[in-house]
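As annotated by TrEMBL, transmembrane segment applies to 40-63, 70-89. What TrEMBL records for 226-407 is domain 'FtsK'. If you look up TrEMBL, you'll see 242, 243, 244, 245, 246, 247, 248, 249 marked as ATP binding site.
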Ligand SMILES: Nc1ncnc2c1ncn2[C@@H]1O[C@H](COP(=O)(O)OP(=O)(O)OP(=O)(O)O)[C@@H](O)[C@H]1O
């Protein structure tokens, strides 16, 4: 029954020439003829499949035969000049419709097609059935400046997760840097994204500060595809985890800078906790409504004050609105904590520790609807110092020291889906993966980097100006 038990993949013949005992007696002279005919058919199929190579080659041969080599050189020159003119006139359309499609076809043939069956087999993505071997079908390749996107039709029995687990191995097999697998809207397909060049290699300069922050899309850096990375703060708390010098400070400062316009107009109040003695964040003092550092007891007090504000607001909004809308009279309260573990784990006074934990849990579990957001940075993402992870809908993993930490921070299976935070090099400070609740694949991002001068400048330009303003309070012992 030939239409049943058909595997929709590419069938690999067991041997290139599969000679079976002839049923009829075939005269010997007919065999070469048969091979010749079969070879011709295969050549024709190849010529049609690779028309973009054979077409110009045949046209060039025809011009050469008909008009000679001078005319051929003239035609080649004219085509080259036309391409250069297109590129100079409109580079974006030239790259999109002219250059990248050619690169994609070439890479499909030379990089992927050539070694496809062997790499699929060695990476464990081929299968065997009824004595035949099958490899997944390579559907198409798309290229841009940095990335190759390879669309593949999976074999029956495969899941996108199988491809996500193999993506890194595939990338190295094709001699590329980094690989990720993404689902598509078709359940039989998966898209592999291989990095040719790192678009995030260069430091991202401070971004323009909007006068009115868009809380649904705060621009904090650049994504791998070159687009700006926009963080949705509406309805979300943000957790940032990273080893020492991984650039946690640059994430916090990028966020503070994106909110600075709102600080000046009174739309945003920053309540900042710097338990490491105020070294990291003190430079932005003029922007902060509260600044607490060093002494755990005073930090517990400020956190409890935030809880009180949250409760009063919740009581006021009950029955009036389901979501808080920030105004200068009723601003968005953004609680920024550098080194969360210093508040939740490393405090020796158990009573104060419990007070801090209780206040943080309340802010995290009840603050979202009433306009209180928590942005917390963390160096050591072990479970015992991270009891609140699931209360942070947005999680950012910068460079981490161990593979297991990727899943601890970003959620189970994040590393398999491509968030290889442990492989971010030390030279790439400020590069990380962002996991969003409800979004399957993590996004790789480089956050903007603000120097001390930029931060001082930010403080001078966007210091709090609203009528109810008081000088920032320093909470000390
Ligand atoms: N986004 C960035 N782009 C380029 N370089 C960066 C970026 N962020 C940080 N760096 C570099 O890395 C260094 C350490 O950054 P940062 O202090 O923000 O790290 P951290 O994770 O907060 O460190 P710690 O855990 O010690 O507080 C900076 O001095 C800077 O040179």
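Glycine too: its Cβ is placed from the backbone N, Cα and C atoms.
Because TrEMBL annotations are produced automatically, they should be read as predictions rather than curated entries.
Note that the structure is a prediction, hence the values are computed from the model and not measured.
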Item to complete: Under 6 Å from ligand 1 by C-beta, which of these binding-site residues make it: 242, 243, 246, 249? Sequence order, please.
Response: 242, 246, 249
Worksheet entry | Position of peak Cβ density within 10 Å, selected from the binding-site residues 242, 247, 249 | 242
Worksheet item: In sequence order, what residues of the same chain, 6+ apart, have a Cβ less than 8 Å from the Cβ of residue 248 (ATP binding site)?
Response: 240, 241, 242, 338, 377, 378, 379, 398
Discussion item. Give me the count of other Cβ atoms within 10 A of the Cβ belonging to residue 246 (ATP binding site).
Written reply: 26
Response to the item:
Over the domain 'FtsK' (226-407) the mean pLDDT stands at 87
